[in-house]
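Q: This is the structure, below, for whatever I ask next.
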Amino acid sequence: MIDNVITAIDRVAAEHPTRVAYDYEGTQYTYAQLKEGSDRLAGFFAETLPEHEPIIVYGGQTFDMVEVFLGLSKSGHAYIPIDTHSPNERITQVQDVAHTPAIIEVAPLPIAVPDVQIIRAPALHEAEKTHAPISSLQHAVVGDDNYYIIFTSGTTGKPKGVQISHDNLLSYVNWNISDFGLKEGVVAMSQPPYSFDLSVMDLYPTLVLGGTLKALPKEVTDNFKTLFATLPKLGLNEWVSTPSFAEIALLDPNFNQDNYPDLTHFLFCGEELVNKTAQELITRFPKATVYNTYGPTETTVAVTGMAITQDIVDQYPRLPIGFAKPDTEIFVVDEQGNQVSAGTEGELMIVGPSVSKGYLNNPEKTAKAFFNVGSQRGYRSGDLATMTEDGMIFYRGRTDFQVKLHGYRIELEDVDHNLNQVSYIKQASTVPRYNKDHKVAQLIAFAVAKPNDFESDMKLTQAVKAELGKMVMEYMIPQRIIYRDKLPLTANGKVDRKALIAEVNH
């Protein structure tokens with residue numbers, strides 16, 4: 001257990017200064033460098049930035065980003081990460097909500113942002129080498145102060161800034177380092193972009209454990225040949241990603257324990273881990289433990305988890321997302337907010353110390369989604385789930401991914417889940433096509449097919465529908481299946497359902 005994220009990382013630097021904190025394609029940075037650079041940057045930020053204001057940091061998967069995050073934390077500022085692969089309008093959308101006084105350019109901004117101080121890379125590099133370090137941590141982020149603010153997509157297209165405090169982060173990190181069996185000095189893959197809160201799953205637990213973050217930038221992950229050549233050289237103990245990214249790695253027949261002898265932990269979050277992906281990982285990595293976790297950004301990365309063993313895979317066609325972390329209570333409630341009985345589907349409510357105070361500068365949305373229970377904060381997740389008597393939770397889809405077709409209520413993710421079990425399908429995502437009255441007229445599935453001997457897509461579709469018909473009600477079978485070489489992913493590595501919906505409704 002740690003009591004402060006910042007001092008825990010500094011302690012590693014004091015005790016193991018030459019340990020490698022960050023490795024970017026073979027360029028290594030030690031904990032001593034991380035401490036000295038972040039201390040000097042903190043001194044610089046204390047002089048140049050207005051006190052306690054959140055600051056946008058624009059950049060990619062680099063050591064400089066981590067150093068800037070820590071420098072801001074030490075000088076009392078929350079950071080707002082924006083990844084270089086975000087669309088340009090994202091920068092202005094975030095700034096329109098956040099009104100930050102400054103943007104730190106770790107990488108060059110692609111557009112001009114008016115009426116804001118821009119701190120450019122040369123000034124950062126000068127400061128990290130020559131500026132006087134901050135003299136103490138008395139103004140550092142602590143307690144209920146915001147540590148980071150991550151923007152998620154809003155339903156109106158206006159993004160929502162989720163405020164995560166130091167105490168929220170501390171609750172998450174302590175659970176991660178105590179419950180997942182990670183060792184001091186762990187070597188962890190750092191693949192999710194910093195603007196996606198899944199990155200926090202590898203970033204802070206690894207640093208407080210004195211481990212090494214192995215950066216996997218998008219330029220590598222976007223090129224499968226490069227990716228498959230790079231991954232085995234990283235010497236990983238821990239893999240953190242969405243299930244979709246692991247499914248890409250599994251396309252390489254060499255992705256197995258023989259070629260990754262030290263890989264002992266898979267941690268998944270961000271989307272549903274399907275049974276056949278878990279089975280494939282368990283088969284290929286007999287020495288590793290596969291953990292399924294769940295949590296909205298609003299509750300700090302993840303709030304449930306469990307090891308997915310062979311017994312669990314055999315027992316549950318749709319895998320559980322685990323049990324609530326010890327300091328957190330999770331309830332399943334009906335539309336009136338009453339707790340439902342075990343096994344009954346309802347909405348997940350999450351109460352505990354890792355629940356956010358709310359959305360930055362958005363009291364209306366905050367009031368809708370968050371509530372107080374005594375001194376604890378609660379969050380209405382919008383996720384449907386069931387819970388067993390002993391507290392094991394099963395995810396059942398989004399309340400807002402429900403559609404009605406011919407009077408039947410259909411969970412798109414339920415259709416996806418079953419379609420992904422079909423023997424001819426590698427990956428699939430189902431979307432509604434609306435008619436001119438904005439009613440759902442058809443379900444359309446986009447799918448990546450496995451290699452097959454069918455003479456036409458029509459014959460393949462007949463076989464897919466026949467197999468799917470054994471798993472789901474007839475009204476849940478998509479009317480059309482469109483085959484693709486790959487499905488579009490969001491910047492966060494999830495299947496981009498919104499892009500597919502837009503495609504069939506243009």
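The backbone N, Cα and C atoms fix where each Cβ goes, and this holds for glycine too.
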Q: According to Swiss-Prot, Val301, Lys494 bind D-alanine; so which of Asp197, Asp202, Asp390, Asp400 is the extra one listed there?
A: Asp197
Q: Near Arg396 (ATP binding site), which residues of its chain come within a Cβ-Cβ distance under 8 Å, counting only those 6 or more away in sequence?
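A: Listed in sequence order, they are Glu345, Asp383, Leu384, Ala385, Thr386, Glu411, Glu413, Asp414.
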Q: To the nearest Å, how far is the Cα of Val301 (D-alanine binding site) from the Cα of Tyr294 (ATP binding site)?
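A: The separation of the Cα atoms works out to 8 Å.
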Q: Determine, to the nearest whole angstrom, how far the Cα atom of Asp197 (D-alanine binding site) is from the Cα atom of Thr152 (ATP binding site).
A: 9
Q: Under 8 Å Cβ to Cβ from Tyr294 (ATP binding site), same chain, six or more residues apart: give me those in sequence order, or none if nothing qualifies.
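A: Tyr294 (ATP binding site) has long-range Cβ partners Cys269, Ala302, Val303, Thr304, Gly305, Ile321, Gly322, Asp383, Ile393, Tyr395.
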Q: To the nearest whole angstrom, state the Cα distance for the pair Arg398 (ATP binding site) and Lys494 (D-alanine binding site).
A: 15
Q: Where does Arg396 (ATP binding site) sit by DSSP, helix, strand or coil?
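A: Going by the DSSP assignment, Arg396 (ATP binding site) falls within a strand, counted as strand.
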Q: Which are the residues of the chain, Asp197, Val301, Lys494 excluded, whose CB is within 8 A of where the CB atoms of the D-alanine site average out, their centroid?
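A: These residues sit around the D-alanine site: Pro192, Phe196, Leu198, Ser199, Val200, Met201, Cys269, Gly270, Gly295, Thr297, Asn492.
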